[in-house]
Amino acid sequence: MERKTVLVIADLGGCPPHMFYESAAEKYNLVSFIPRPFAITASHAALIEKYSIAVIKDKDYFKSLADFEHPDSIYWAHEDHDKPEEEVVEEIVKVADMFAVDAITTNNELFIAPMAKACKRLGLRGAGVQAAENARDKNKMRAAFNRAGVKSIKNKRVTTLEDFRAALQEIGTPLILKPTYLASSIGVTLIKEMETAEAEFNRVNEYLKSINVPKAVTFEAPFIAEEFLQGEYDDWYETSGYSDYISIEGIMADGEYFPVAIHDKTPQIGFTETAHITPSILDDDAKRKIVEAAKKANEGLGLENCATHTEIKLMKNREAGLIESAPRFAGWNMIPNIKKVFGVDMAQLLLDVLCFGKEADLPKGLLEQEPCYVADCHLYPQHFKENGQLPETVVDFVIESIEIPDGVLKGDTELVSFSAAEAGTSVDLRLFEAFNSIAAFELKGSNSNDVAESIKQIQQQAKLTAKYALSV
């Protein structure tokens, strides 16, 4: 069979490059379009070059030789991408036409809506224009969820301080304030007290002015205020060590939802995720309720052909509360870990759906559990405040070393990999915690409880050597 050609809009996020490009190139010819060259790391650029039959970079972002250099690491691109949505759509269509591509995909949430419009214009399978807009604007997303038959929650659009005051009066506290257009929990804030609510709103509103997003990202209001979803851990888990929410990965094919795998989580730092354990140890009844909620949510958004990453709060009486869903792959190493545990390559599966629809080899339900658990974990400065190695009052520090001591792993849990920020790395604690991962590690074991306990022990006992000054 002749290999089909797929256009990849290359940028940050989703399935990590170290898996995506090799997996995709095994079955498909890849053309990579890079709309934001400054958002591509050196290692990402090398993989793009290695596995693509052609690479197209937006010429407007090259003014000097320095612009051809790629950073070693990047979490969020802070340079301006000032092209309006229609211009981005035109560029995608132009590159797609040039190579007569059979499908278009991206791992970056910020380009989902322009990509959907390009797919429609070209007659290619995609998420769907209205569905992509629903999924990218959290106000529209919540409205779609509330219509879809999942748990309905109070919410209000917020643009101004007056809007926020009105939301406080209607919803009360605790209240969640979310930017409608970002990802990775950036800017998500829990408002607990009426007395400090306005100050919190002003702080977040001011901080978000420093978070650059492409001009093509559009929204009707910059914030959504939502009723807080209260978790009820003991109604779902029989043992400690996990969190009161999960994520479920799935695939939409011709408007139908196909669940793939559920990830358990370890307790968060605020709204910053700390670890994902694949697969979930929840019982069959719990998994069924989660799948039902995810199906209603993603089909309720109107999604047609795409990957889905859906986050669900585990509430009282086993009610599944929809946090949000995105028409893209999960980040971190969640997609590679599905392949490690189950042998299913979701990168290839998505491209199969985009090229062949329901002729793809779609799962008949959640993948069956293998006798293996894999955990994808990060350490943050807050962990070292909690274990006493950083004073609470520190606002910045310089890393000298981070180490995991011997004897902290439980059962047959193995430390598969560990990486830490280089000596000399400066860390600014005034940033949202999500920006400040300072170490990452992967664990593998035959017992999920042992893996979860090993994560906890590492969080409590990892050794940080750092330089800092305390305010007088």
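Using N, Cα and C of the backbone, Cβ positions are placed for all residues, glycine too.
Substrate is bound by His309, Thr310, Glu311, Arg328, Phe329, Ala330, Gly331 in Swiss-Prot, and the record lists one more residue there from Glu273, Glu319, Glu359, which is Glu273. Largest Cα to Cα distance within the recorded substrate binders Glu273, His309, Thr310, Glu311, Arg328, Phe329, Ala330, Gly331: about 18 Å as a whole number.
Cβ atoms within 8 Å of the centroid of the Cβ atoms of Glu273, His309, Thr310, Glu311, Arg328, Phe329, Ala330, Gly331 (the substrate site) belong to the same-chain residues Gly14, Ser247, Glu249, Ala326, Met334, site residues excluded. The Cβ neighbour count for Glu273 (substrate binding site), using a 10 Å radius over every protein chain in view, is 26. Separation of the C-alpha atoms of Arg328 (substrate binding site) and Glu109 (Mg(2+) 1 binding site): 7 Å, rounded to the nearest whole number. Between the CA atoms of Glu226 (ATP binding site) and Ala330 (substrate binding site) there is a gap of 23 Å, rounded to the nearest whole number. Cα separation, Gly331 (substrate binding site) to Lys138 (ATP binding site), rounded: 19 Å. When the Cα atoms are compared, His309 (substrate binding site) and Gln268 (ATP binding site) turn out to be 18 Å apart.
Counting only same-chain residues six or more apart in sequence, the Cβ atoms lying under 8 angstroms from the Cβ of Gln268 (ATP binding site) belong to Ser243, Thr274.
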